Amino acid sequence: MPKLSEIHKELQYYTRYFSENKLYQSSKWTGELLLGLTQEEDLQSSQFAMQFIQNNTDYQYQFLREFVPENNDIICVARNLFDLREFKKCASLLQGLIHKNESAMFLYYYSQYMYGELRKEEEMFENENSKTATNPELKLLDRELSKLYDQKQLSQLNLYLYGLILKDTLRLREAKEVFIQVLNQLPCFWSAWLELCRLLTEEDSINELPNHWMKFFWISNFNLEKFKNSNCVESFQLLLYYFRNSNFIINQIANAYYNNQEFELSLEWFERLLSIDPYRYENLDTYSNILYIKENQGELANLALQSFTNNKYVPETCCVVGNYYSLMNEHAKAINYFQRALKLDKDCLAAWTLMGHEYLEMKNVASAIQSYRNAVEIDPKDFRAWYGLGQTYALQGMNQYALYYFSRAVISRPKDARMWNAMAECYDKMDKKNEAMKCYERANSCKDKEGIAIHQLAKLYDAVGKEDKAQQAFEESLKRKDEEQTVDKEVSEALLYLARVFLKKGDKERAMQMAKRLYDFNGPERDEANQIMSQLNK
């Protein structure tokens, strides 16, 4: 990493550069990172942080670019027209400058691209059933930019626009190569990094990516996208030494803990995030999911009110409010808010999935399936929608269908114990015990936090006559329950099995321990305990 002062200069340059060229999301990202940069005075309170930065600083790195604002009158007027969404007028005004000025060339083509995006949105709004609307400007832009690309006359920003067009026309390999070229020239261009994140797979080499400190951010974000949550947390926590108050890094760590089902830790990071950025709305739907899972009605109500007050016309706020109504068992109101989210963003993955959950609660199976299918169409790699489809079919007793959808969820989340448990349950209902055992074993190896797999494994081992394995699994299940201080049916089943096994093996002391604990239960468990105790006293 460079010196903090060099990082400051670089982020300051790119924030102004992207803002001037109307790339507001990238400007916002670098600007917020700039504000989150660790200050020299912050290091005085942490000797370890100071030492870490000193040991990992590249003192040879220098950022030499100077930002020079554009002072061409025509370009200044065109930029105002762009902000007013008068894209055609903006392009018309710049037509005479495109071969004289790089900024004018980019704004000329970019305004046409945005006009096409606007027309696409209008077409989809006018025809709600249309899922095939395309940007009508793509063909013309593709023809002109590809010609300039072959002649090597595209600036770095026009290269980025050409990459977007290649991606939109599904020429993904070429798009990937173009985005890499862009990043080698503009390494702080976060929108280009995100596009590349969607195009690259884990098998792709990253050697062609620029050897720049921004690469650490991309790798960390890539790990989060691929659900390598531990790697993501570790790398982002190292970056926190340099960007102590970065809301981006804190948000990513919170999401990584959420993906890993470490909800308490995720909650702490989300609370820290909101203390730094109380008016944010991005990813608050994830925060509300945690509060929903923990059934924290008061905090969820506060979050819903705060989100609604700050900005009620964003999908994230609608999802937060929808989660609140869902927790209050007002499922019709919850669905209403999820539908509002979809009116604001038809591709809101969270809204489709959460709406599927609500329909399932209301026993509206057909609507639940349709909601989950819409989510899958948007992102075929999203495990939540596949898992929801599997649950829907499993509740209908259609285990073969459920198994297919759960297997698709497993492909997306191969290290998630819940997916393997769901598959195992289907196999068990279909009386395929060997397949069920394999799935439960896989779930147990994936650190099944709910402890479902080990107990079900114990029962399956018993059913197929694997006594030693059954004993070991029941002991492990009982130990887990004791550590959690939980008393339920699974505890009584484990105690009864172990008491019988120890009695059979002649271990009277341990058999008596198990039998005595069975007296804590009412019902047939006590009768079983009495029978075992009578045999022990013979």
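Cβ atoms are placed via backbone N, Cα and C, with glycine included.
The domain 'Cdc23' annotation in TrEMBL covers 6-254.
Same-chain residues lying 6+ beyond the ends of the repeat 'TPR' (247-280) with a Cβ under 8 Å from its Cβ atoms: 29, 32-33, 36, 220-221, 224, 227, 229-230, 232-233, 236-237, 239-240, 286-287, 289-291, 293-294, 306, 310-311, 449. The feature repeat 'TPR' is assigned by TrEMBL to 247-280 (among others).
Positions annotated as repeat 'TPR' by TrEMBL: 315-348 (among others). Counting same-chain residues at least six beyond the ends of the repeat 'TPR' (315-348), those with a Cβ under 8 angstroms from any Cβ of the stretch are 124, 281-285, 287-289, 291-292, 295, 297, 300-301, 303-304, 307-308, 354-355, 357-359, 361-362, 378.
Sequence-distant contacts of the repeat 'TPR' (349-382), counting only residues of its own chain at least 6 positions beyond either end whose CB sits under 8 Å from a CB of the stretch, comprise 285-286, 315, 318-319, 322-323, 326, 331-332, 334-335, 338-339, 341-342, 388-389, 391-392, 395-396, 412. Here TrEMBL flags 349-382 (among others) as repeat 'TPR'.
Same-chain residues lying 6 or more positions outside the repeat 'TPR' (383-416) and placing a CB less than 8 Å from one of its CB atoms are 227, 349, 352-353, 356-357, 360, 365, 368-369, 371-373, 375-376, 422-423, 425-427, 429-430, 446. Marked as repeat 'TPR' by TrEMBL: 383-416 (among others).
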Averaged pLDDT, computed only over the residues in the repeat 'TPR' (247-280): 91
Per-state residue totals over the repeat 'TPR' (349-382) - DSSP helix, strand, coil: 27 helix, 0 strand, 7 coil
